[in-house]
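The structure appears right after this line, and notes come after that.
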Amino acid sequence: WEFNGSFYQPSAFLMMGIPGLESLHHWISIPFCALYLIALLGNCMILFIIKTTQSLHEPMYYFLSMLAVTDLGLVLCTLPTTLGIFWFNMRRIGFDACLTQMYFIHILSFIESSVLLAMAFDRFIAISHPLRHPSILTKTTVMKIGLVIILRGMVSLLPIPFLLKRLTYCRKTELSHSFCFHPDIMNLACADIKVNVFYGMIILLSTVGMDFIFIVLSYILIIKTVIGLATKEECLKALNTCVSHICAVLVFFVPMIGLSMIHRFGKNVPPLVNTLVAYTYLIIPPALNPIIYSIKSSHIREALLRALRRKTE
């Protein structure tokens, strides 16, 4: 489409399912439904177990509750539009509705990154200063950390919808995904998007980028502390408490970094690869995190078994 230079803002965008596989969307929806169901039930189960088990009322599990709530939010943000496309071919989403979905997806992603950093800090304190751990991370301190995490995400991303609304757009309104993503919307504009690109990069590097760096530093300090422990059994026991968190970090950050790189530098990447990385980033972590923590945390596993026994009696 040719652009005539006047201000144009589309009333709606058209979302994309899986390119080249449109005829198979009904079949493809089956694994997606399974992942969404696992994510919803798994995270609700984690929250229920932590709430009803008094012995799990400690910092590690408070942060895990925050992670579960964030994962539920991510699932509920993308589920309606994704399954709407797969089941009913409902591709249209209003301009303001798209910006709202985008805002909450990015906020929840930033919150998840910050919660993972808080969990790394908790593990570092628990291993390096086990006797001082309860006094450092009190319930009040954990609540304050949670509030700061939420405010940080909300405030840092607040300008993004307004930066997108000021742009004039080309007549092409087709997005690359079944959800709204900032770089995706931004690239449909027929105006100078340098401010959007610059602000997006600054916020990404100063939040998620810094979180990742501090998580790595936390584990360097944890390894340094563990090496100083007396016996091999103590080393393995200390590291075992971190395995589930390391898995959650990798599951979240690897596809997130991949998707960011594709949107900014991967102009020649096939659309199918872009789509699969996006789904991996937004759907796989919420589905896998409850499984990872249920398998690796003996306390959650035992509490789950007790709950199941009470139901069967």
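Each Cβ is built from the backbone N, Cα and C atoms, and glycine gets one as well.
The domain 'G-protein coupled receptors family 1 profile' feature in TrEMBL is assigned to 42-293. Here TrEMBL flags 24-50, 62-88, 100-121, 142-164, 197-222, 243-264, 276-295 as transmembrane segment.
Sequence-distant contacts of the transmembrane segment (197-222) (same chain, at least 6 residues past either end, Cβ-Cβ under 8 Å): 109-110, 113-114, 116-117, 120-121, 123-124, 127-128, 152-153, 156-157, 159-160, 163, 182-183, 186, 238-239, 242, 246, 249, 253, 256, 260.
Outside the transmembrane segment (100-121) by six or more residues, the chain places 60, 63-64, 66-67, 70-71, 73-74, 77-78, 81, 93, 145, 149-150, 152-154, 156-157, 160-161, 164, 179-182, 185, 207-208, 211-212, 214-215, 218-219, 245, 248-249, 252-253, 256, 282, 285 with a CB less than 8 A from a CB of the stretch. With a threshold of 8 Å between CB atoms, the same-chain residues lying at least 6 positions outside the transmembrane segment (276-295) that come near it are 18, 32, 35-36, 38-39, 42-43, 45-46, 64, 67-68, 71-72, 74-75, 78, 105, 112, 176-177, 179, 181, 244, 247-248, 251-252, 255-256, 258-259, 262, 301, 304.
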